[in-house]
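Asker: Straight out of Swiss-Prot:
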TOPO_DOM  1-39  topological domain 'Cytoplasmic'
TRANSMEM  40-60  transmembrane segment
TOPO_DOM  61-73  topological domain 'Lumenal'
TRANSMEM  74-94  transmembrane segment
TOPO_DOM  95-114  topological domain 'Cytoplasmic'
MOTIF     111-114  motif 'Prevents secretion from ER'
Amino acid sequence: MATRRIISQEKTLLEKDDSIGSSPAADEKSNIAPAVPTSVIMKLLAFTLGMIVIPIGSYFATVDSVFNGNSTYAGALAAIMANVVLIGYIFVAMAEDQSDQQEGGGPGDGKKDR
């Protein structure tokens with residue numbers, strides 16, 4: 001059986017407590033820092049652009065000039081160049097992760113041990 005709500009005892013929307021998980025109080029500053037550093041976003045955008053431009057550019061630059069119209073070799077070169085960009089991104093990400101670990105100090109500074 002359903003229970004009856006007593007509307008006179010309930011708080012209205014304006015009377016509810018705003019401190020439970022919502023916005024900070026008026027005198028506090030809110031943290032508007034991005035969750036991911038800007039340098040990481042810029043590296044990701046640069047490698048994304050490189051992943052698009054370098055393989056396609058290498059294909060069209062070499063299909064007629066180097067490989068004399070043989071699109072198989074030019075396509076293989078484009079695939080190799082895409083892998084070069086991907087490996088470059090992996091190296092940059094690993095170097096950044098190692099520098100973050102050296103700056104952080106001990107293993108208990110935010111990241112779990114693996």
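Cβ atoms here come from the backbone N, Cα and C positions, even for glycine.
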Asker: What residues in the same chain, six or more past the boundaries of the transmembrane segment (74-94), come closer than 8 Å to it by Cβ-Cβ distance?
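Answerer: Contacts with the transmembrane segment (74-94): 43, 47, 50-51, 54-56, 58-60, 62-63, 66-67.
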Asker: Counting by DSSP secondary structure, give me helix, strand and coil numbers for the topological domain 'Lumenal' (61-73).
Answerer: 5 helix, 0 strand, 8 coil
